[in-house]
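Novice: What TrEMBL shows for this protein is this:
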DOMAIN    23-288  domain 'NADH:quinone oxidoreductase/Mrp antiporter transmembrane'
DOMAIN    290-343  domain 'NADH dehydrogenase subunit 2 C-terminal'
TRANSMEM  56-76  transmembrane segment
TRANSMEM  96-115  transmembrane segment
TRANSMEM  152-171  transmembrane segment
TRANSMEM  178-196  transmembrane segment
TRANSMEM  202-219  transmembrane segment
TRANSMEM  240-261  transmembrane segment
TRANSMEM  281-304  transmembrane segment
TRANSMEM  325-345  transmembrane segment
Amino acid sequence: MNPQAKLIFATSLLMGTTITISSNHWILAWTGLEINTLAILPLISKSHHPRAIEAATKYFLVQATASALVLFSSMTNAWHTGQWDITQLTHPASCLILTSAIAMKLGLAPFHFWFPEVLQGSPLTTGLLLSTAMKFPPITLLYMTSQSLNPTLLTTMAILSTALGGWMGLNQTQTRKILAFSSISHLGWMAIIITYSPKLALLNFYLYTLMTAAAFLTLNSMKVLKLSTLMTSWSKTPTLSAMLLLTLLSLAGLPPLTGFLPKWLIIEELTKQEMAPTATIISLLSLLSLFFYLRLAYCSTITLPPHTTNHMKRWHTNKPVNTSVAILTTLSIMLLPISPIILTIM
């Protein structure tokens, strides 16, 4: 892709996100979401492969529907209350429509079906943007309207997301699809806590972004798109494979890694809200995700040649590791000991 075009799309993404997260008026927030959608489409379809074009078309249709629902919800609220302010969303029907619209934008169950397909049709770097940066504006809108939303509905959607994200990821062999289902599962954890402790949901999102970025960039530097390729990675880049193992276990939420921190705090907060059964259910459902993370980790570190895959062995390279991968991996493994500092900042 032309560097100038890439710069324009990246700037548009940044501008769309900034407009949405800094606006108080629904029309401005909607404009930011639209700019974001239009800027990411060329990045999804840049390879001109039929699968990429299909992914871009699916993404456009879903996001256009969700944006129309956001607009419809805000107009209904303005019609009944005379308020266009994002934080003043009080009409019950508007709250319901907005929850559906944001769930559709994020890929939260039961509106999650588009996300794995779109991620599978995109390059790894665009997949990273779709899993992290593109989810930031909708999460911000949820954060701003969290007081008005229905906790029961969000809890139901959250448990459904964690369950489906875990179950549907079990049988996958494509790394991008596995990370898509991982994302759906993590969104469940954010949705369940957003009405009770919005700051905690944001902290969960930041740490999820950190760990997912580390996983995507590691896979990108190893050029891994499916599990059979991952099986030969140890012989080429042992250090990177070991780091990937730790990042994946951190995504699974195992102590003493960074990913344990948001899960621990969310379970604690749910218990305070007298929702211990819900906390138990969502914790047990996250074990499903743990299984496929362990499967990825097993393939990347424990499956050593000679092996039975038909994958052509590549030459061993002593290529230096990307600095951003090193920093992100370190952060996604070692932030738990400094959790008191993180909590005081929050």
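For all residues, glycine too, the Cβ spot is worked out from N, Cα and C.
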Novice: Check for me, if you would, whether the transmembrane segment (202-219) reaches the transmembrane segment (325-345) - at least 3 Cβ pairs under 8 Å, residues 6 or more apart in sequence.
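Specialist: Between the transmembrane segment (325-345) and the transmembrane segment (202-219), which are separate recorded stretches, there is contact, as judged by 3 or more close Cβ pairs.
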Novice: Hey, which bits of the same chain come close to the transmembrane segment (152-171), Cβ under 8 Å, at least six residues off its ends?
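Specialist: Hits for the transmembrane segment (152-171): 96, 99, 103, 108-110, 112, 116, 177-178, 181-192, 194-195, 275, 278, 281-282, 285-289, 291-292.
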Novice: State, in range form, which of 96-115, 281-304, 325-345 has the highest count of Cβ pairs under 8 Å to the transmembrane segment (240-261).
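Specialist: Top-ranked stretch among 96-115, 281-304, 325-345: 325-345.
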Novice: Give me the mean pLDDT over the domain 'NADH dehydrogenase subunit 2 C-terminal' (290-343), rounded to a whole number.
Specialist: 77
Novice: Grab the same-chain neighbours of the transmembrane segment (96-115) for me: Cβ-Cβ under 8 Å, and only residues 6 or more beyond its ends, written as numbers and ranges.
Specialist: 33, 58-59, 62-63, 65-67, 69-70, 72-74, 76, 89, 130, 135, 138-139, 141-142, 145, 149-150, 153-154, 157-158, 160-161, 163-165, 180, 183-184, 187-188, 191
